[in-house]
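Trainee: For reference, Swiss-Prot lists these features for the protein:
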- Arg69: site 'Interaction with substrate rRNA' (SITE)
- Asp71: site 'Stabilizes Arg-69' (SITE)
- Arg110: site 'Interaction with substrate rRNA' (SITE)
- Arg113: site 'Interaction with substrate rRNA' (SITE)
- Arg117: site 'Interaction with substrate rRNA' (SITE)
- Met161, Gly188, Gly193, Ile206, Ser207, Asn208, Tyr209, Pro210, Leu211: S-adenosyl-L-methionine binding site (BINDING)
Amino acid sequence: MSHEYDTVAPPNAKRMKTDNQLEDKKILYVVLEGCSLETAKVGGEYAILSSDKHANFLRKQKKDPADYRPDILHQCLLNLLDSPLNRAGKLRVFFRTSKNVLVDVSPQCRIPRTFDRFCGLMVQLLHKLSIRAAETTQKLMSVVKNPVSNHLPVGSRKMLMSFNVPELTMANKLVAPETDEPLVLIIGGIARGKIVVDYNDSETKISNYPLSAALTCAKVTSGLEEIWGII
C-alpha cells in the first residue's frame with residue numbers, strides 16, 4: 001500500500017499553471033509560519049538542529065532544546081504534499097522559518113519519508129538556497145524574498161489558524177462550494193506559543209481542542225477536498 005502510494009506521480013507544474021491559475025481559482029495556499037529550521041556545525045558537519053539529537057549542544061549555546069522541532073515542518077509537508085488536494089493541483093505551500101527565511105515549495109516536490117533524509121535536504125536548501133530535481137533543472141524548493149504577501153493572490157482571503165479565538169469554523173465550511181476564489185490559511189509550524197503575522201484578515205479555529213500543526217494541515221486539506229469534490 002505505501003509503495004503504491006509513494007509512486008503516484010505528482011501533478012504536472014505546467015498543466016497546473018494553465019488549468020488552475022488561469023481557469024480555476026479554487027486553490028488553497030498554506031503558509032507555515034515560525035518553523036524551526038536552523039543549521040549549525042556539529043561534530044564537523046552541518047546539521048539541522050533538533051531537540052532529540054542536539055540537546056546538549058543547544059544547552060551549551062544557552063538555547064532551549066524544546067524550541068528546535070524541525071520534525072513539525074517535516075510532518076506538515078508530508079501531510080500537505082501527499083494530500084489528494086495537492087495531487088489534484090489545488091494546493092500551494094510556503095513556509096517561513098523562525099529566522100525569517102521564506103521558502104516556496106513546488107507541488108511536485110517529493111518530501112523524504114525519513115526524518116534524517118529530510119534534514120539532509122534542508123541543510124542543502126539553506127546553504128544553496130534551492131533544491132532542484134535530479135533529472136531536470138526544475139526547482140522543487142527555493143528560498144524567495146519576503147514578504148510572503150507578495151507571493152499570494154491579490155485580494156485573497158487570508159485566515160490565521162489559532163486555538164485562542166472564539167470563532168469556530170468547520171474545516172469543510174472554510175469556503176462556500178460556489179466561491180471561485182483562492183483561500184490562504186496561515187498555520188503555525190511550532191510546538192507551543194502563538195503565531196503573530198501582519199497580513200491575515202481574520203482568525204479562526206477548526207476544533208474546540210488544540211491541534212498539532214500536522215493535524216491542522218491534514219484537517220484543512222481534507223475539508224477543502226470535501227468542499228471541492230476531490231476524492
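Cβ atoms are placed via backbone N, Cα and C, with glycine included.
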Trainee: In Å, rounded, how far does the Cα of Met161 (S-adenosyl-L-methionine binding site) sit from the Cα of Arg69 (site 'Interaction with substrate rRNA')?
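Mentor: Just about 19 Å between their Cα atoms.
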Trainee: Would you find the one among the binding-site residues Met161, Leu211 whose Cβ has the most company, meaning other Cβ atoms within 10 Å?
Mentor: Met161
Trainee: Across all protein chains in the structure, which of the recorded sites Arg69, Arg110, Arg113, Arg117 has the highest Cβ count within 10 Å?
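Mentor: Within the set of recorded sites, the most crowded position is Arg69.
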Trainee: Taking the Cβ of Tyr209 (S-adenosyl-L-methionine binding site) as the centre, count every other Cβ atom within 10 Å, in any protein chain shown.
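Mentor: The Cβ of Tyr209 (S-adenosyl-L-methionine binding site) has 7 Cβ neighbours within 10 Å.
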Trainee: According to DSSP, which of helix, strand or coil covers Arg117 (site 'Interaction with substrate rRNA')?
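Mentor: Once the DSSP labels are grouped into three classes, Arg117 (site 'Interaction with substrate rRNA') ends up as helix.
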Trainee: Translate the DSSP assignment of Asp71 (site 'Stabilizes Arg-69') into the three-state scheme.
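Mentor: For Asp71 (site 'Stabilizes Arg-69') - judged by DSSP and reduced to three states - the answer is helix.
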Trainee: When the Cα of Gly193 (S-adenosyl-L-methionine binding site) is compared with the Cα of each of the recorded sites Arg69, Arg113, Arg117, which one is closest?
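Mentor: Checking each of Arg69, Arg113, Arg117 against Gly193 (S-adenosyl-L-methionine binding site), the shortest Cα distance is to Arg69.
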Trainee: Closest to Arg117 (site 'Interaction with substrate rRNA'): which of the recorded positions Arg69, Ser207, Tyr209, Leu211, going by Cα position?
Mentor: Arg69
